[in-house]
Amino acid sequence: MSAPLADIDPDIAGLLGQELGRQRDTLEMIASENFVPRAVLQAQGSVLTNKYAEGLPGRRYYGGCEYVDVVENIARDRAKALFGADFANVQPHSGAQANAAVLHALMTPGERLLGLDLANGGHLTHGMKLNFSGKLYDVGFYGVDPTTHLIDMDAVRAKALEFRPKVIIAGWSAYPRVLDFAAFASIADEVGAKLWVDMAHFAGLVAAGLHPSPVPHADVVSTTVHKTLGGPRSGLILGKQEYAKSINSAVFPGQQGGPLMHVIAAKAVALKIAGTEEFADRQRRTLSGARILAERLSGADVAAAGVSVVSGGTDVHLVLVDLRNSELDGQAAEDLLHEIGITVNRNAVPNDPRPPMVTSGLRVGTPALATRGFGDAEFSEVADVIATALAGGRGADLAALRDRVTRLARDFPLYEGLEDWALVGR
């Protein structure tokens, strides 16, 4: 029981060490990824992993929950206070589980759901035909303007009036602009629909007061905790008090059994951190870095190589890069940046002609580097590295670019001493 991981399972310990090395030595720019503080790692790796706690605080189906009840209540209270919500459920294991619970609570199978098309930046759980949401519900989609790549609220209203959905989703996985939540709420009211906002990507910006909050406008709001919020991989649901009972029962027993109490403890820690000035500063650097990146990727040298920025810029933590006129497709560009030590993900651009495993775009995000400590100077440097790589393609001096990446990574050490604590138990 007391032997460290390195002694019990050197294979897994070795792989964890290699992954730690990868995270330290490269620049993480996948928009949905971040680095959690050591306090979050400690909470998630705690003895709470041993405890079953089906039900809600004060109404459990197991004994011995006197301490985990307090932990969950702290997490719920912090979520409500941070976002100004009437209620919070912190039990969802993931964002997808949270979204499934929201749909389960607000709709019955066969009813109509209106969301942003996956091909235009929506998410799998917003009605994609191979996802549960697309199989259980009658789904309609709105999209972006083919020229501006912005959501046209007049077009959303027209679609809602025609389709008459039971629920309208406002949220995205790859859309670089702020949504008009008041307009979505007005449309939902006009057609008699419920408004659900999925703020998984921008919740940290909302918490810091740097992005409009959907909470005053939406009936229900879902989010992950691990993107801009910088917490453990998990989800939570917020909303109006009138939906608390149906949401709670949709999570348990509707979608899940026992909650992961060690993860809920880690959520509580992350939510506390999200109320600090240090967190707000990180979010300001996240936004500034994304704008620096968008501006550099709009430069003449990059444009000459057929690379452009979708919608002409960004309001959030990510930049969507259009490679349709470039010699590179999304997969090739992802691989190219991987070679120089920058991790991004290929991503479809609006109405992408290429298949989803190839794509014609990249999604590039700044949260993880802001968490690591990057400011404007460092974001300017990494933006220039990316621009140089994409403009030069396979003809770029990859060794020189890799050296620049290595210097940036070394200037911002990550998880110093973590091997002693996490792998060998010292």
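Note: Cβ is positioned from N, Cα and C throughout, glycine not excepted.
As recorded in Swiss-Prot:
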BINDING   L118, G122, H123, L124  (6S)-5,6,7,8-tetrahydrofolate binding site
MOD_RES   K227  N6-(pyridoxal phosphate)lysine
SITE      H226  site 'Plays an important role in substrate specificity'
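What Swiss-Prot annotates, mapped onto the structure for a quick look.
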residue : record                                                  : Cβ within 10 Å
L118    : (6S)-5,6,7,8-tetrahydrofolate binding site              : 23
G122    : (6S)-5,6,7,8-tetrahydrofolate binding site              : 23
H123    : (6S)-5,6,7,8-tetrahydrofolate binding site              : 23
L124    : (6S)-5,6,7,8-tetrahydrofolate binding site              : 16
H226    : site 'Plays an important role in substrate specificity' : 26
K227    : N6-(pyridoxal phosphate)lysine                          : 27
Length of the line joining the Cα atoms of K227 (N6-(pyridoxal phosphate)lysine) and H123 ((6S)-5,6,7,8-tetrahydrofolate binding site), in Å: 15
L118, G122, H123, L124 excluded, remaining Cβ within 8 Å of their centroid ((6S)-5,6,7,8-tetrahydrofolate): G115, L116, D117, G121, T125, H126, G127, M128, N131, S173
H226 (site 'Plays an important role in substrate specificity') versus G122 ((6S)-5,6,7,8-tetrahydrofolate binding site) - Cα distance in angstrom: 18
L124 ((6S)-5,6,7,8-tetrahydrofolate binding site): secondary structure state under DSSP, collapsed to three categories: helix
Rounded Cα-Cα span from H226 (site 'Plays an important role in substrate specificity') to H123 ((6S)-5,6,7,8-tetrahydrofolate binding site), Å: 16
Alpha-carbon distance [H226 (site 'Plays an important role in substrate specificity'); L118 ((6S)-5,6,7,8-tetrahydrofolate binding site)] in Å: 21
